[in-house]
Structures are given as structure tokens and as C-alpha cells.
């Protein structure tokens, strides 16, 4: 056997169960059950006919990579995420796995999910609909007062408009042109109902397939913190959303500083995550979290929910660029030992049990909020403001020029009558399956309608 490397120096965490499990009493590769990745690294060194020692410094991943980069160590004790910034400092070996970003959250009971589904309207949406009802009622009162038609009190018209909104009546106006501002407000009210009520209901019906959780993306977590009172839990030396957030998401995180609970590296995060409306951030190897939702702590009912947008990242050991031949020889050895990594890891921890393996989690759910349509509302209000200005100018012009002369010709300008009505949506008949309705005869009557059922 060819001689290998002698006295390689490995550096990393002192304790990061199940990957590293060292103590002040035993800080070497010969410790009993030193951790899955420490044992795997030692097994690979033995195949390389190499020896190594562990630098007795409790260093996190960033500190370990810096030490490998400046020559204080030769290789990391555990695998690390392979990123472009780190590749500028060190070389990476053949990946031994993947890591998935995700969120730690206590299981949400089905009753709570059902309650979340039923709470379709927020206060801002109710305020919009109520204000539209009052505006439409006031405009109806104004138009009927101007044109002297069906004079009612202001409260009566507001009650009629709100009733029409609740029943989703169609509102039709035939004249005058200036009164189209009224139908504009009516259509905007219908837009709020359709985009918020019906679309959000559909979103939550899809979301009910995701039993146990109400979000699976960073945007969903941020919306829960912004609008639903959730608290973000970030642990020192752990994974944070700043590792993978885009600029807009990072800005939202900065605005949510008051909603973030920072805890120490030695604190038990499960004590906080077991409370209502608390969510933590983590990343698990693919062999531990094999499905989209898994039990991180079965007894505490804490789930690990994979992020549906972020792609997994490689996990590999970082080696010093200046140690000639170390990476190549290590990679050749890993080609033989990699298949046994699962066996080594299973001696320390089993894969987390799947929470909902049957349910398909392939869809990315977007929970619609009123804020998603702010730009559309702005454009609508701008156009309606223009329409109101035109309406006022038309009334002023009417008052000033009832009779005017232009190039010797007399003209009369008057506003046409105000005509409006509520109309129920047309009733549409949907026949049952396998039912054929024959064409009507000329002498048709409802009593002799013929139907043929296809078997």
C-alpha cells in the first residue's frame, strides 16, 4: 500500500450531534462514538493509509474554513456547504450528501388549520368593502337627488348598496356617461371580492393538503410574521434566513427585527419552538429529511418543513489548497467509502419519520393577501378620481351653459336621465352526467320536456 499523509489536522465543532460528539475528556478520532462524520472521516483516512489528529478548538464552520485556508488546519472535521465564496478560500472534496433548507415549526392541529381557512377576511378587506358600500350608497343618493328619481334617504341607499354587495348583484347603468363612475366603484368592489375572497379561499383549500403547516417558503414565513403575529427564532451558530434570502426578503427581515428572537448556541430551541406561532430556521441532510415534511422532534410535535423554492446544496469536506494531492487521494478513497456513510450515520440517528408521505407537496402555494393587489387598486383609484373630476366638471358646465350661443347658433346642454337597476345573475342549468336534453319542439311546454338517459 502506498504511503499516505501523516499527522493531518482536522478542525470543527466539538459537539454537533449526530455529526460530531466529542468532549473535554476525549477529543480525538479514537473516542467511542465520536460522531457520524468524524467516524466516516477516520474510516476514509484509514483507507488512504493516512493519520490525522483533531485540533482541540471548538470552531464553527466559518472559523474552520478560515483555519483551513490560512494553513492552521488541513481539513474540516465535518462536511460543509459548498458555496462560491468558500471555494475561493479552500478546495472541496467529492460531495457526500445534500442539505435542504427548511423551517422548524410545531405541528398545527387540523382544527387550527380549519380556523385559518375560515378566517378569509382581514380587517383591511372588511374596511374596503364597507367603505365601498357607503360610497356607492352615497353616489346613488347623489344621482337620484340630482335627477329627481326615486328619492330615498341616504341610509336607505347605503343599506341597498351593501345588500347588493352581499348578494353579488350585477349593477347596470345605461345613462348618463358621467354616472359610470358609480359602476366603476361597483366593479372595484367586485374585484376585491373575487381576488381576495374567492382566490384566497382557493389558496387555503389547496393549503389544507399541507396538513401540519401553513407555509413552506420564506415568503410564507415572512407574511406570517408580518400579518399573523408569528415570531422568528434564530439560534447562534445555526442557520439563518440571511444565508439564502434575496434583497427584498432581506429587507423585510430587517424590518422584522422586533419579531426575531435570538438565542444562544447552547440554548434549547425546542422550548421556544414548542410555543404557538414560533418558527425556527434549519437545514438537514437529505438522508435525514427524506420527505418534504418530517418529524424533527416527535414528542414535542415539532416538524421540519423543507423550503419548496430553495434548491439543495452540496455537502463536502473542505481541504487546504496548498496540501498537494490531498484532495485527489481523498476523493479516490471516498469513492469506496461513500456507500457506507448511511450505515455509519444510522448508528447515531435514524432518518426522521415522515409526517405526510402520502400527500403530494409538488405545488407551491401562494396565499393571496390584499397587499398583493395594491398596485391594481392604485390604478383603479386614479382612474376613478379622474372620472369624479370629469363628473363634477360636467355638472358645472351644465349649470353654466344651459343655453349658449356658438357662432350665432343657440345650443341647449342638459344631462340625460339617470337609469340604473340591480340584476340577479342569470340562472344556468347544468344537467347531470350522461343526460341528453333533446331540442325543443315548436309546440314546447314544460310538461312534455323529453329526456333520454344514456346507459
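Just so you know, glycine gets a Cβ as well, placed from its N, Cα and C.
DSSP assigns residue 42 (N-linked glycosylation site) to a helix. The C-beta environment of residue 42 (N-linked glycosylation site), restricted to residues of the same chain at least 6 apart in sequence and closer than 8 Å, consists of 29, 34, 52. Annotated N-linked glycosylation site per Swiss-Prot: 42 (among others), in sequence order, evidence recorded as sequence analysis.
Swiss-Prot lists 49 (among others) with the feature N-linked glycosylation site, giving sequence analysis as the kind of evidence. Its Cβ taken as reference, residue 49 (N-linked glycosylation site) is surrounded by 14 other Cβ atoms within 10 Å in the chains shown.
Sequence annotations record features per position, and here Swiss-Prot assigns N-linked glycosylation site to 70 (among others). Around residue 70 (N-linked glycosylation site), taking its Cβ as the centre, 10 other Cβ atoms fall within 10 Å, counting all chains.
Summarising the annotation, Swiss-Prot assigns N-linked glycosylation site to 403 (among others) and lists sequence analysis as the type of evidence.
Residues annotated as transmembrane segment in Swiss-Prot, with sequence analysis given as evidence: 127-147 (among others).
Taken from Swiss-Prot, the feature transmembrane segment applies to 153-173 (among others), supported by sequence analysis.
Swiss-Prot lists 177-197 (among others) with the feature transmembrane segment.
Annotation comment: Swiss-Prot describes 377-397 (among others) as transmembrane segment.
In this structure, the CA atom of residue 70 (N-linked glycosylation site) is 25 Å away from the CA atom of residue 49 (N-linked glycosylation site). Under the three-state DSSP scheme, residue 49 (N-linked glycosylation site) falls in the coil class.
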